[in-house]
């Protein structure tokens, strides 16, 4: 029996995981959800104090601190492609999560050590902005901080596409509804970890004192401890997981197949008859199944082209409040989405809600401008005194901000959870992590859009809000048109289709041999072995 289980696991099927309380949810997903909660606590907890750390501890100016912060965020969403390739081509999702989580933990530890003043060089008779003595930090602390951030970026980015796809792998083929709800629970754990961490770590930094000032070492150390817990919890569920083996060097095969199709079409398009798809020109050298899988991935990636615009809007909001409301709304998505059949319709609705959020923000900003008090100026003994304010006082009630947060949060829940599940459901088994990485890279390109538009345009705040809202409405219309022509596929059907094709080929081969051996016997034509 043990040999059978091992053999089944080698083929990606494995022993069926026990279910939670008589439901169709595998027990193994509990470990994955807890792992994701701890990992997100670790990531967002560290980011919550990162800019303050740059400005007040490393003494970088605001522009440099902001640039490094955004560069780090972008790297975290570009590295998922590397993790996906490692998982699908080499190590498999399970081992990829473990190995890159170790890199993640090392990055946190290095970052925490870099926040200890005694580690860095110092010069006497100088003080920093929060009262540290003799801590004008130079080479060691800055190098450790940057090294830690790079390791964290590769760790968090590398495991991002693997954990979500690995969770989807735990469900049996027929339990698609339970798998869809799992992605909502998975996303709720992300927001729960984010909310708690963005509240707790700033408190640890400001209220706890160490080394004569704010305790950045503790604020970075607690997220490191949570990442260790995430790793331990994930390993603890090892015996319950369904582990699909890697499919070989998928990316290399895909690139070679695409390259051969392009070359073959260029060289023979005039000599040969037209083919229904340009990838069909690779049929002379590559199996039909691989070509069909590449077509499936390409169709989804084309749909992803307009999506960065949503993240460009979302990432400009105050994320702490959004994560808090998202935690409440995550389960609501299961109910609300019933009225919208089809994931692409839900995603389009989420984009419209995000655009409405920025319209609401525009209204608030205009009211703030109208109601802003003028600077107070008075003259005394020939001297003029002015009251200087970074943000001028106004009498707009804070409740005016509620609608924009409700809209953007509802939009995120409809858009992000659905996109996560859609990316999994439309990907062939050999490329699920790759397509999850493609989904995450839309976030990275959204940050790039913000830098291009917001930094380069130099507009007033309300016009910038209105511009982004208009752009997202236009993009949502384009996306809706593209979605209308998209045909949903079931990747699991590929196994059945190509298994039948293989059987038919075997039958034809067998029939041919029989006809040669018994030429005078009239053999009936068979279709199955």
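Cβ atoms here come from the backbone N, Cα and C positions, even for glycine.
TrEMBL annotations:
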type: COMPBIAS; residues: 507-516; note: compositional bias 'Basic and acidic residues'
type: REGION; residues: 501-529; note: region 'Disordered'
type: TRANSMEM; residues: 41-60; note: transmembrane segment
type: TRANSMEM; residues: 66-85; note: transmembrane segment
type: TRANSMEM; residues: 97-116; note: transmembrane segment
type: TRANSMEM; residues: 136-154; note: transmembrane segment
type: TRANSMEM; residues: 185-204; note: transmembrane segment
type: TRANSMEM; residues: 216-236; note: transmembrane segment
type: TRANSMEM; residues: 296-314; note: transmembrane segment
type: TRANSMEM; residues: 352-378; note: transmembrane segment
type: TRANSMEM; residues: 398-422; note: transmembrane segment
type: TRANSMEM; residues: 434-454; note: transmembrane segment
type: TRANSMEM; residues: 466-489; note: transmembrane segment
Touch test for the transmembrane segment (97-116) and the transmembrane segment (466-489), at least 3 Cβ pairs under 8 Å: no
Annotated stretches the transmembrane segment (185-204) and the transmembrane segment (398-422) touching (3 or more Cβ pairs under 8 Å): yes
For the transmembrane segment (296-314): best-contacting stretch of 216-236, 398-422, 434-454, by Cβ pairs under 8 Å: 434-454
